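Annotations per TrEMBL:
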- 104-117: compositional bias 'Basic and acidic residues' (COMPBIAS)
- 1-86: domain 'Reverse transcriptase RNase H-like' (DOMAIN)
- 104-126: region 'Disordered' (REGION)
Amino acid sequence: MLTQHQDDKEVVIAYMSKALNKNQQNYSTTERETLAVITALEHWRCYLDNGKEFTIYTDHAALKCFQNLSNPSGRLTRWTLRLSCFNFVLKHKKGKDNVVPDLLSRHKNQERPDTRETSPQGVHPITIEELPDRKLEHYNKIFLGCSNNPDAYPNYTITNAAASILPIV
């Protein structure tokens with residue numbers, strides 16, 4: 001999920017998701033989390049590769065330490081090199097404080113290893129904090145319904161890895 005601060009609020013700019021292929025599903029948790037960061041950074045390179053520092057929030061605390069590993073795997077070493085061209089700070093954010101990406105990253109029913117993006121143009125973006133409790137309950141119901149019985153919610157889809165629940169247009 002790509003966001004930026006506008007008027008002291010975090011505003012969603014775009015969502016992106018990519019399912020893991022069979023080999024990637026065998027990666028360690030740290031490797032999967034690192035791959036998610038690399039995929040997002042490369043996808044949004046045009047926004048982020050401008051020399052300005054930006055922050056990446058992750059609920060995987062070990063990811064903060066991967067660049068300082070004493071004996072990283074060859075894959076992590078190559079990925080560290082790929083990340084070195086970006087000017088970012090990695091910060092830990094508990095899953096309960098990173099609700100949308102955390103919930104959606106747990107969705108296991110990814111059928112195709114493709115990338116989908118939705119940019120909420122024309123939609124008034126709001127923060128989680130701005131949603132009334134009844135709306136949070138509504139979206140929670142949709143999320144749980146889509147997770148347990150996707151056929152019952154044909155107008156919605158759940159995307160993975162730092163994404164969101166959006167109506168299918």
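Note that Cβ sites are derived from N, Cα and C of the backbone, with glycine treated the same way.
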Kindly report the helix/strand/coil residue split of the domain 'Reverse transcriptase RNase H-like' (1-86) according to DSSP, in that order.
41 helix, 20 strand, 25 coil
Roughly where does the domain 'Reverse transcriptase RNase H-like' (1-86) sit in mean pLDDT, to the nearest integer?
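Taking every residue in the domain 'Reverse transcriptase RNase H-like' (1-86) and averaging pLDDT yields 81.
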